[in-house]
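Per Swiss-Prot, the features are as follows:
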{"type": "DOMAIN", "residues": "1-379", "note": "domain 'Trm1 methyltransferase'"}
{"type": "BINDING", "residues": "37, 67, 82, 108, 109", "note": "S-adenosyl-L-methionine binding site"}
{"type": "BINDING", "residues": "247, 250, 267, 270", "note": "Zn(2+) binding site"}
């Protein structure tokens, strides 16, 4: 079937009978990822302004080619690769359909990345300024090749949210070499587990993978990592790793930077002994505020998910950088009180003198520099008014 995304027209597989996503019997196309791709296009446009020398883009798991075609339409010199020859043929057809130049290659992404430079099947000058990893499941099997061979930017999607968030803990430990915990802030847990693993992977190549934009949306995690090949910068970024100590009784949490955990024997708030440790996690900023603002400026009217993309980026830009968020509904359930509107809840925290913002992780999530006890005393129980 033919579709339009952004400014390009594409041929994609028709949906199977009864499917709510455009998934054919062979080549994969997911229309629910249009939001992801809209933000990707805006990020690529913003990055062109940030680093004009970044010209080449690898769509490492191209499938129908939609991501690569949209990147080509934004001015990048695109290479689309996939292990499925039918996918590569469809990607080539979609490039031609839009009168766009680009190369297609039936190959494994790791092989293409490791053969960049003199050994590249694309030519001795081939090197990728931007590498986009959008696999089904975890991106970790492709991370080494990407960080060892990309020049400027690595864009990563992870859809294995259950291991990332701690719901499938052993799988998360095996894949990400981190202990994840399934808490009420599980979307952010997943993002910080992923960033921890990616930053540690890049550091093995004396490279800092700096998050300049990240978001968690619709059962996937997405991050954009700018590369700095100074070993000292990689060391600085590793110092943003650490641990979160979470009380399962009162929901208090505290964090500690460093490579060695020092978990408390009991909760300093309720004195309970059900304190669990998560980590090593990335505890630093998930985005660069100025870059996020520029990405938002490149969300344009032809994008199908313009309203949601702008809303997500606005929240990501403005949310506090504290490492974990709270959920008002979960707190109110714990306190046996009714929830109130989020704007009113945030305003009550501001009135009490605390910093507080809503976050993009959910409609009832917020970040604040107040403790659990301070949040409870600063906000009202509507049943007692």
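Cβ atoms here come from the backbone N, Cα and C positions, even for glycine.
In terms of local Cβ density within 10 Å, 267 ranks first among the binding-site residues 250, 267, 270. The Cβ centroid of 247, 250, 267, 270 marks the Zn(2+) site; residues of that chain outside this set whose Cβ lies within 8 Å of it are 248, 249, 251, 252, 268, 269, 271, 272, 274, 275, 372, given in sequence order. Sorting the binding-site residues 82, 108 by the number of other Cβ atoms within 10 Å puts 82 first. For residue 37 (S-adenosyl-L-methionine binding site), the same-chain residues lying six or more positions away in sequence with a CB closer than 8 A to its CB are 5, 6, 66, 67, 70. If you compare every pair of Cα atoms in 37, 67, 82, 108, 109, the residues listed for S-adenosyl-L-methionine, the longest distance is 22 angstrom. You'll find the Cα of residue 270 (Zn(2+) binding site) roughly 50 Å from the Cα of residue 109 (S-adenosyl-L-methionine binding site).
Ranking the binding-site residues 109, 247 by how many other Cβ atoms lie within 10 angstroms of each Cβ puts 247 at the bottom. Ranked by Cα separation from residue 82 (S-adenosyl-L-methionine binding site), the binding-site residues 247, 250, 267 are led by 247. The DSSP secondary structure for residue 247 (Zn(2+) binding site) is strand.
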